[in-house]
Amino acid sequence: MTLLNDIVSADGRKGGSGETLAIRGGRPLRGRVEVKGAKNLVTKAMVAAILGESPSILRDVPDISDVAVVRSLLEVHGVHVTDADEPGAFVLDPAEVESAHFEEIDAHAGASRIPILFCGPLLHRLGQAFIPDLGGCRIGDRPIDFHLDALRKFGAVVEKLPSGIRLSAPNGLHGANIHLPYPSVGATEQVLLTAVRAAGVTELRNAAIEPEIMDLIAVLQKMGAIISYEPNRVILIEGVDRLRGYDHRAIFDRNEAASWACAALATDGEIFVGGAKQQEMLTFLNVVRKVGGDFEIHEDGILFRRGGELKPVIVETDVHPGFMTDWQQPLIVALTQATGESIVHETVYENRFGFTQALVQMGADIVVHPHGLQEGPRRVPRRNLEQAAVINGPTPLHGADITVPDLRGGYSHVIAALTAEGESIVRNVGIISRGYEKLFDKLAALGADFDVLG
Ligand code: EPZ
């Protein structure tokens with residue numbers, strides 16, 4: 001196995017691009033990995049630091065490219081980001097926040113969707129903001145209408161330009177009554193980051209209540225915000241005049257934890273996921289048990305293994321506390337090894353089964369039904385998208401030449417290659433570093449047999 005830093009590229013640079021892996025699968029993954037702070041909390045907590053009048057400290061920050069993108073976006077806006085007194089911790093000092101220039105933001109934003117969350121904090125600090133057009137995504141068109149509607153209700157003037165969106169708040173921002181059409185995670189964060197300094201009270205209904213949202217509320221409360229979480233997805237925010245910096249250790253990454261758990265199921269291995277906690281994984285752990293997996297809850301993490309033959313399940317993705325949409329990709333890889341017919345309903349995104357094409361190429365029996373399979377009432381009013389994947393197993397997977405489509409699908413391609421007999425070439429692997437810290441080191445620690453090609 002050749003690791004990244006063993007490769008000397010043609011021009012003598014140490015380390016290849018890390019874009020392509022040759023993986024020889026068919027062997028169980030065994031060992032321990034540590035998951036750090038959740039990508040989908042850390043990036044938002046970094047933006048929240050703009051609202052403080054003193055520096056913030058954020059701990060357990062994973063070394064991933066999505067964090068690097070937000071760090072450079074903050075620096076472009078005059079926030080000084082330095083390493084703190086422990087590994088994986090940042091000091092974020094917003095004292096010199098000023099408005100950046102479009103070309104600088106665009107050069108740093110990449111495919112990130114986080115820039116949209118700068119709106120509220122920048123409007124409070126500077127009275128204006130400019131957000132470049134956000135990249136779409138392969139899992140759906142990722143609109144921001146909920147965000148812009150909410151910002152207008154706070155009193156922002158939103159001007160759509162060919163290159164992006166310019167916002168201003170000529171009369172400042174005031175509290176608002178906002179009822180989200182769908183419990184959108186991003187729109188809920190948009191409202192939280194804007195309401196905490198708006199004049200008056202904001203009532204948010206049909207809010208997202210994911211653990212990462214609750215952790216962002218904890219961050220804002222540490223800063224001096226007054227936020228109450230009411231029954232039935234209602235959140236009340238009393239605007240305050242001043243916020244200070246926070247010191248916060250991020251919640252662990254539930255998505256990465258679930259991904260390694262599914263890798264243990266798919267390869268019939270045994271993986272201890274350090275940092276994983278039961279409370280935030282309850283729904284996922286129920287599905288692990290139903291599919292025939294086994295887990296042990298420990299003080300410092302969760303041990304995952306197959307309990308015997310894998311069994312088929314019917315799963316519907318949903319907003320929290322349902323089965324997360326980000327969990328279905330790695331689960332489906334494990335379901336290719338289950339005996340019988342499984343059904344996964346994707347109800348959050350429009351197009352989140354694209355990754356299954358590579359699994360079929362490797363021998364999986366998966367049929368995607370664009371219009372779903374079931375009718376009937378839903379716990380959360382459903383948007384008009386229903387898609388279902390029917391997986392029949394067990395099917396032995398064989399190596400193939402596959403290309404990673406997006407972050408979560410990409411990780412599932414790696415698990416599939418590790419499950420398959422023979423060698424797979426997995427291309428465009430760099431996307432995975434957006435959300436999984438030290439992927440190659442972790443795979444090596446679990447005994448994976450792979451080479452990092454140029
Ligand atoms: C966040 O995306 C996460 N990303 C996603 O993780 C996660 O899958 C998703 O929440 C659901 O849990 C980050 O936190 C950076 P949404 P977000 O707003 O906020 C529609 C990953 O790989 N919608 O809850 O964009 C939207 O199109 C990513 O880490 C509107 O219609 O998700 C989608 O169908 C993948 N209008 C649904 O709502 C809007 O204005 C849920 O989106 C906003 C959203």
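Every residue gets a Cβ built from N, Cα and C, even glycine.
TrEMBL entries are annotated by machine, without manual review.
What TrEMBL says about this protein:
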DOMAIN    24-443  domain 'Enolpyruvate transferase'
BINDING   LYS39, ASN40  phosphoenolpyruvate binding site
BINDING   ARG113, ASP326, VAL348  UDP-N-acetyl-alpha-D-glucosamine binding site
ACT_SITE  CYS137  active site, proton donor
MOD_RES   CYS137  2-(S-cysteinyl)pyruvic acid O-phosphothioketal
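Shown here: features listed in TrEMBL, placed on the structure.
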residue : record                                        : contacts (Cβ under 8 Å, 6+ apart)
LYS39   : phosphoenolpyruvate binding site              : PRO62, ILE64, ASP66, VAL67, ASP253, ASN255, GLU256, ARG434, GLY435
ASN40   : phosphoenolpyruvate binding site              : VAL185, GLU212, ASP253, ASN255
ASP326  : UDP-N-acetyl-alpha-D-glucosamine binding site : ASN255, ALA258, ARG408
VAL348  : UDP-N-acetyl-alpha-D-glucosamine binding site : THR317, ASP318, VAL319, THR325
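VAL348 (UDP-N-acetyl-alpha-D-glucosamine binding site) carries neither a helix nor a strand DSSP state and counts as coil. Under DSSP, LYS39 (phosphoenolpyruvate binding site) is assigned to a helix (H, G or I) in the three-state scheme.
Within 10 Å of the Cβ of ARG113 (UDP-N-acetyl-alpha-D-glucosamine binding site) there are 16 other Cβ atoms, across all protein chains. Largest Cα to Cα distance within the recorded UDP-N-acetyl-alpha-D-glucosamine binders ARG113, ASP326, VAL348: about 17 Å as a whole number.
Taken residue by residue with DSSP, ASP326 (UDP-N-acetyl-alpha-D-glucosamine binding site) is part of a helix. A mean pLDDT of 93 is what the model gives for the domain 'Enolpyruvate transferase' (24-443).
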